[in-house]
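In what follows, a structure is listed as structure tokens, so that the remarks can point back to it.
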Amino acid sequence: MWSALFSHLREVHKRSGVKEEKLIMKSPAAAGEAAGCHKPQATATNKMTVLQSPLGLRTILTSLVAFFIVVSSVSLLFDRSQDAQAQLAVAQHQHQEVQLKQKPASAAVGEQKSVFVDQSSLRSQEAQVQWTSELQDVATDSGDGGVDGEEECNWSLGRWVYDNSSRPLYSGLKCSFIFDEVACDKYGRNDTKYQHWRWQPHGCNLPRFNATKFLEKLRNKRLVFVGDSVNRNQWVSMVCMVEHFIPDGRKMRVYNGSLISFKAFEYNATIDFYWSPLLLESNSDNPIIHRVEYRIIRADRIEKHANVWKDADFIVFNSYLWWRKQRDGMTMKVMYGSFEDGDAKLDEVEMVDGYEIALKKLTEYLGANINKNKTRIFFAGSSPAHSWASNWGGDDNNKCLNETEPIQIEDYRSATTDYGMMDKAKEIFGTLEPKGIHVQILNITQLSEYRKDAHPTIFRRQYVPLTKEQIANPSIYADCTHWCLPGVPDVWNEFLYAYLMHK
């Protein structure tokens with residue numbers, strides 16, 4: 001290295017001295033002639049002498065500095081390369097250790113038994129760190145909401161976690177398509193804690209709802225919710241979850257009798273709700289005027305309803321509330337034949353028997369008419385009511401009014417929720433499997449059982465606002481069946497989103 005430096009200095013010394021160069025500068029006229037511009041003018045020639053200064057001490061020092069800079073740069077690059085290789089080796093070793101430690105831990109995750117997070121630590125820094133970690137898990141999961149190495153994740157088993165950073169998913173006051181019957185904060189409910197609970201499955205994560213991806217999934221397609229007012233509750237939730245992401249003037253709500261349509265023109269997508277509380281044709285088919293206590297279904301008539309939803313790309317049925325007894329000894333009528341043909345016959349049956357008749361007719365129709373290569377079918381589980389506060393140690397006169405916390409009893413089940421009806425639905429829909437038609441059950445019942453705090457009660461408007469006398473009588477007028485929005489139905493739709501996008 002040093003011999004190269006001295007050789008360089010000797011070469012510099014040889015070039016030292018004074019050099020004289022003579023530059024001949026032609027006048028503009030001469031330059032014009034050279035370019036072919038012939039003018040009768042004399043050519044003027046100017047001479048200029050340029051002197052180059054000798055390369056002295058300053059030049060030598062400059063060369064030395066430049067040389068040392070080059071040598072230092074090469075050495076630094078070599079050192080950094082060695083450091084990078086060492087860091088890579090350490091990182092690979094740590095990654096292997098983490099993988100070995102995580103293998104037994106993945107099995108332990110599913111063994112969690114707690115339903116709720118301790119209230120005293122919900123707002124603590126530790127809770128925030130845990131939530132951030134969970135978000136990272138969701139963002140990097142394998143797509144089905146499960147942990148690595150787990151083939152199936154049961155989203156319906158888990159706990160409610162208070163989360164004031166990512167909940168609610170939207171503002172009920174800003175959703176322009178919300179219905180007054182579930183707009184609780186609009187009608188005077190001041191506590192908003194019910195909006196900030198997030199459902200956390202045991203041992204896995206529920207995929208986060210992405211409205212833009214969901215709308216893209218619905219591009220040129222139609223999603224239909226078919227059922228009663230609880231299903232309409234879920235439909236309103238879905239509309240509120242996506243409408244904020246659609247520009248004004250590019251969305252619309254259309255009423256057409258029993259059909260309500262939300263249209264997203266940007267995507268040529270439609271999200272419908274169709275009123276059909278008993279699934280078959282019945283005396284309750286009018287979405288506004290219908291008799292609740294005296295119910296009649298036509299056992300062999302479904303075509304009028306089916307013509308509305310059979311060509312949809314995605315269908316979400318529900319049917320539970322209207323099959324429940326409103327009083328002891330309540331029954332219903334099943335009609336066979338028609339009065340027009342003169343063969344009408346009415347049978348009186350138990351409510352649950354009518355439910356089975358309706359599901360079998362629906363299944364028969366789906367098996368014969370649905371396009372299994374196009375349409376995906378879902379059936380929402382039973383939505384529990386919280387009308388009897390004594391079930392959790394409260395006052396029945398208030399029903400679920402003034403409740404601000406979920407029920408913190410693991411695996412809590414209300415005595416009024418009929419789980420056998422869902423078992424019957426699974427059994428009946430299972431007969432479609434040999435035909436290649438799968439009805440996916442949205443198992444929403446258990447997670448909803450905990451949420452006694454999430455109903456509209458008196459904070460709602462049903463056609464007309466409640467009077468002062470009605471507000472003062474919650475035992476009759478508090479709605480503990482439907483759900484405030486934002487709220488529990490948002491999680492139902494997260495289930496639907498997860499199935500549509502990841503399974």
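Just so you know, glycine gets a Cβ as well, placed from its N, Cα and C.
What you see is a predicted model, and the numbers here were worked out from it, not measured in a lab.
Take the candidates Cys153, Cys175, Cys400; Swiss-Prot pairs Cys240 in a disulfide bond with Cys175. Your range for motif 'DXXH motif', going by Swiss-Prot and the list 43-46, 391-394, 479-482, is 479-482.
Candidates considered were Cys400, Cys484; Swiss-Prot assigns the disulfide partner of Cys184 as Cys484.
For the motif 'DXXH motif' (479-482), same-chain residues at least 6 beyond its ends with a Cβ under 8 Å from one of its own Cβ atoms are 181-182, 229-230, 233, 321, 383, 385-387, 399-400, 452, 455-458, 460, 462.
Its Cβ taken as reference, Asp479 (active site, proton donor) is surrounded by 24 other Cβ atoms within 10 Å in the chains shown. Long-range C-beta contacts of Asn268 (N-linked glycosylation site), restricted to its own chain and to partners at least six residues apart, with a cutoff below 8 Å, comprise Arg219, Asn220.
In the predicted structure, the topological domain 'Lumenal' (78-503) carries a mean pLDDT of 85. With DSSP classes pooled into helix, strand and coil, the tally for the motif 'DXXH motif' (479-482) is 0 helix, 1 strand, 3 coil.
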